[in-house]
């Protein structure tokens, strides 16, 4: 037990399970998922960069999403794998703050990119003749650069406020990474300001991308229903299929877990939610966006052919 007047210098992550028999299985599972995430998203990025046909706003945003997914998964999984392998749960205070900063930066950026991709689909379907003007390189840069600035500011504010707290209520975090609320529960300082900031940012940064996606798809559906031919309707809808799948998985997970009443198993639900949108969904994204997209499959085949032909 830490003395009451001593600030904790390191924390201990309890992880997903303390059962030693489960550790080899968890290590193999999450190592495999992490490798698939990194390799799959890297392939998408390389395919988009190498194929001039994919140098369009839609694939520019997808390239950014794949990059963010790599960073998002890398925030938590490597540390979890090291902890399992070394049987050590310790993480220094500075490392904990860095992990918290990165997790909220890339997690929020994920949701903003999904919103930006919804706007792109709205412009492509609703205003096809003005698409190249409305989605110019300058506008695309703003649509990506703006969220990067906002999400960095959010993470910086959370981290600076957390760094000012004193932690003397123990050092064990019931999670597999350092997150805001589990850390606040360990603090013996006044956390009222932190909680207000978390609530405010949660409303603004959480609901604004979702609101943008909902409005975009309402407008998309209205535009699609005005298309006279069934073939035209299907072609328009088909460009949204992969994006809708990812949006449903990402926000559906958050709603299913966080809109339920608090219970003794809430911390376990938090772990499952973080696993889904921080580990599982970044692993699935390359499959969702490549298997349902003819242009992406063609670009990946070209990339594979180039790799084979370059072999001695």
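Even glycines carry a Cβ here, placed using N, Cα and C.
Between the stretches 161-185, 236-260, TrEMBL puts its transmembrane segment entry on 236-260. Per-residue pLDDT, averaged over the domain 'G-protein coupled receptors family 1 profile' (40-289), rounds to 87.
Remark: the transmembrane segment (26-49) contacts the transmembrane segment (272-291), by the rule of 3 or more CB pairs under 8 A. Looking at 131-150, 236-260, 272-291, the range that has the most CB pairs within less than 8 A of the transmembrane segment (196-224) turns out to be 236-260. Away from its own ends, the transmembrane segment (61-81) comes close to residues 13, 15-16, 27, 30-31, 33-34, 37-38, 41-42, 44-45, 48-49, 91, 99, 102-103, 106-107, 109-110, 113-114, 116-117, 120, 140, 143-144, 176-177, 274, 278-279, 281-283, 285-286, 289 of its chain (Cβ-Cβ under 8 Å, at least six residues beyond either end). Residues 16, 30, 33-34, 36-37, 40-41, 43-44, 62, 65-66, 69-70, 72-73, 75-77, 103, 107, 110, 175-177, 179, 242, 245-246, 249-250, 253-254, 256-258, 297, 300 of the same chain lie 6+ residues outside the transmembrane segment (272-291) yet bring a C-beta within less than 8 angstroms of a C-beta in it.
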